[in-house]
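Structure, as structure tokens:
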Amino acid sequence: MATTAAPAGGARNGAGPEWGGFEENIQGGGSAVIDMENMDDTSGSSFEDMGELHQRLREEEVDADAADAAAAEEEDGEFLGMKGFKGQLSRQVADQMWQAGKRQASRAFSLYANIDILRPYFDVEPAQVRSRLLESMIPIKMVNFPQKIAGELYGPLMLVFTLVAILLHGMKTSDTIIREGTLMGTAIGTCFGYWLGVSSFIYFLAYLCNAQITMLQMLALLGYGLFGHCIVLFITYNIHLHALFYLFWLLVGGLSTLRMVAVLVSRTVGPTQRLLLCGTLAALHMLFLLYLHFAYHKVVEGILDTLEGPNIPPIQRVPRDIPAMLPAARLPTTVLNATAKAVAVTLQSH
């Protein structure tokens, strides 16, 4: 038994030639198992490669579909021709109209929202406006402390429009035929130009003179100061007397000017500053009333002559009888009358 086992063991160790092929197969099988164990696990990367490949295929399909759609649209546009161009143009016009309507709606909404900003400046009772109109004609005496100025624009704005209407009424009653648009524009430009321009100029001087007044207060003060101008022009446009105009110019216009001057004096420190500021305001305010009474008609008549030409009646030659007594020449009147008539007939024939 022992002797039999030894050759078997020796044969397993490679001593016997008959076991050579079997041992090679076993060794080959062992190397195969070891190689499989030592191989990298590439199964995950293989799935990732498949996913990327699938994604590329889908992208290529999408690009192909987009190219086909573009080609189809191009073919349709070429096939439709002018019809396709009109359709595209109509879409663009509709888009532009929509955008324009949207912008207008937003502007209207913003304008309505901005009305609330101006509402405090026009929120005033009629009784307050009436009392302020009367106070604008009464000069104040106490100028030691700053006088109160109404911070609203309803009364001044209505007075400016009233002055425009009075100017139009004056031109209606002056037997002057003009074009309504030209007259309206001239009157509005004159009144609003004076109100806004002089208020800005006086406010600038007040800033230089260190006066305690704001632009809103200056507009209100000068606007209520036009109440005297409205009274004077309304009366003198209906009663054409220069003496009456000068009387109202000094009394009514002077009272309204003194009221404004007193308010500015109470808000200005220093005699030189008071003289400069108040003297400028008084001169501009009184001269503006003179301008409205005298120069305004000439301006409108000049516009009328420019638009329609001067209205000059034609010259007519009419023979007249010479008076019976001529101190310079002692000639018979019958001879002179006959001679004059003959000359007139000769001129008319030519």
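Each residue, glycine too, has its Cβ placed from N, Cα and C.
Taking the topological domains listed in Swiss-Prot, L183 lies across the membrane from T214. In summary, of the candidate residues T190, T257, T333, the record from Swiss-Prot lists O-linked glycosylation site for T333, whereas the others have no such entry there. Counting same-chain residues at least six beyond the ends of the topological domain 'Cytoplasmic' (209-214), those with a Cβ under 8 angstroms from any Cβ of the stretch are 146, 149, 151, 203, 221, 264, 267-270, 273-274, 276-277. Residue counts of the topological domain 'Cytoplasmic' (264-274) by helix, strand and coil are 7 helix, 0 strand, 4 coil (DSSP-based). Residues 140, 142-147, 206, 209-213, 221, 281 of the same chain lie 6+ residues outside the topological domain 'Cytoplasmic' (264-274) yet bring a C-beta within less than 8 angstroms of a C-beta in it.
If you take every residue in the topological domain 'Cytoplasmic' (264-274) and average the pLDDT, you get 90. Counting residues of the topological domain 'Cytoplasmic' (209-214) by DSSP class, helix then strand then coil, yields 0 helix, 0 strand, 6 coil.
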